[in-house]
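For reference, TrEMBL has these:
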BINDING   ASN206, LYS207, ALA208, ASP209, GLY257, PRO258, SER259, GLY260, VAL261, GLY262, LYS263, SER264, SER265  GTP binding site
BINDING   CYS339, CYS344, HIS346, CYS352  Zn(2+) binding site
COMPBIAS  99-110  compositional bias 'Basic and acidic residues'
DOMAIN    155-315  domain 'CP-type G'
DOMAIN    166-313  domain 'EngC GTPase'
REGION    99-119  region 'Disordered'
Amino acid sequence: MLLSSARSLRTVDTFLVLIFSREYILHLEGLRLIENPELLTGIVLHGAHGIYEVHTDSGIIRCTLRGKLKKAFARAQAATRSKGRPRASVNVYQLLREEREQSKRSKSEESGPTSPTRISVGDYVKLRRLDEQNGLIEEILPRQSELSRKDAGSTAEKIVPQTLLANLDQVVIVLAVAQPEPHFGFLDRYLAICEATRLQALICLNKADLPHASAIEEAAEQYRKLGYTLIFTSAHTGEGIEELRAHLKEHTTLFTGPSGVGKSSLVNALEPGMDIRTSEVSEATGKGRHTTTGSRLYPLSGGGWLADSAGIRALAAWNIPAEELAWCFVEFRPYLGECLYNDCTHINEEGCAILQAVEDGVVAESRHKSYVRMYMGEER
């Protein structure tokens with residue numbers, strides 16, 4: 001019945017007609033009928049302007065949300081009928097882009113925050129294939145974890161979270177031993193975020209082939225004593241690359257760090273051929289320039305996934321309650337509940353067990369300073 005109706009339609013080679021029912025999807029591309037199509041499960045690798053690259057066992061499929069695409073096809077068919085004859089090609093994605101640009105122009109004239117993106121890199125989704133390259137996302141599966149930051153539309157009265165990455169289980173925090181000098185306050189902030197979100201943290205000190213101060217080695221030993229895995233690497237010489245690769249296997253790992261630390265070069269060393277652009281440190285400022293925009297997930301040849309993020313301020317500790325921050329510094333934990341006052345902030349109170357541990361040299365003063373900066377909102 002459906003096939004008979006399809007043959008009666010006036011079509012040309014690449015004109016697509018989709019008929020949605022409970023049992024059929026009719027896809028006219030040389031009058032090919034897809035019966036009882038099964039939903040595929042995939043992971044979102046990248047998303048931009050409402051179009052998502054989804055990795056499945058059948059390959060990478062370019063998807064949009066089901067409702068939006070159905071409306072787009074309806075508009076495409078309406079546009080075709082308004083001309084009195086079918087066009088040679090109906091580019092639904094072009095229609096979506098045009099409408100999105102129009103929406104942006106309209107919103108720019110309005111005040112108020114915008115809603116965060118619904119789908120994030122790392123989300124597992126169920127999709128229905130339309131053809132070899134395109135599909136519809138039917139369902140977003142529950143997340144096991146997520147990392148978020150304040151959306152640009154957040155205000156003092158209302159904080160809107162923006163999910164950067166979903167279903168993450170490991171974070172590699174990359175610093176350079178030199179060019180630029182390592183920012184250990186940045187490292188402490190990320191370690192606290194990992195503790196708060198129950199994510200495994202791994203510290204990577206890159207550019208190990210460059211001359212660096214002995215204080216770097218001392219700091220590395222300090223973090224190892226706290227229980228963190230720390231690896232010296234060099235994307236230039238290959239030092240530490242195999243050890244790092246072994247830690248990435250079967251994990252979904254976020255690579256993050258300040259710009260200029262060689263993060264993208266390190267990713268390319270781990271997986272040659274990814275063709276991720278790398279950055280150079282500015283000779284004028286000594287600071288790096290960002291070359292990565294947004295987030296993207298890459299499959300690792302040894303198993304697992306690697307996410308590249310957008311640089312130094314990709315994450316923040318804004319959603320860690322002040323009273324829980326001390327727990328996120330692992331060396332503070334034995335002293336929690338031992339202070340003279342139950343509501344001790346561990347900043348300057350008399351009888352603070354953590355301050356006494358700092359004075360005794362058991363807790364590093366630099367780590368306590370990082371805690372104070374975060375507590376006071378300087379790193380949040």
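Yeah, the Cβs are placed from backbone N, Cα and C, and that goes for glycine too.
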Separation of alpha carbons, HIS346 (Zn(2+) binding site) and VAL261 (GTP binding site) (Å): 33
Mind telling me which of the binding-site residues ASN206, SER259, SER265 has the densest Cβ neighbourhood, counting other Cβ atoms within 10 Å? ASN206
Row GLY257 (GTP binding site), column other C-beta within 10 angstroms, all chains, value 27
Other residues, Cβ within 8 Å of CYS339, CYS344, HIS346, CYS352 Cβ centroid (Zn(2+) site): TYR335, LEU340, TYR341, THR345, ILE347, GLU349, GLY351, ALA353, ILE354, LEU355
List only the single closest residue to CYS339 (Zn(2+) binding site), chosen from the binding-site residues ASN206, ALA208, GLY257, LYS263 by CA-CA distance. GLY257
Nearest by Cα to ASN206 (GTP binding site), of the binding-site residues CYS344, HIS346, CYS352, is HIS346
Counting Cβ atoms within 10 Å of each candidate's own Cβ, which of the binding-site residues ALA208, VAL261, CYS352 comes out highest? VAL261
Counting other Cβ atoms within 10 Å of each residue's Cβ, which of the binding-site residues LYS263, HIS346 comes out lowest? HIS346
Whole-Å Cα distance, LYS263 (GTP binding site) to CYS352 (Zn(2+) binding site), is 39
Cα nearest GLY257 (GTP binding site) among binding-site residues (CYS344, HIS346, CYS352) -> HIS346
Largest inter-residue Cα distance among ASN206, LYS207, ALA208, ASP209, GLY257, PRO258, SER259, GLY260, VAL261, GLY262, LYS263, SER264, SER265 [record-listed GTP binders, Å]: 19
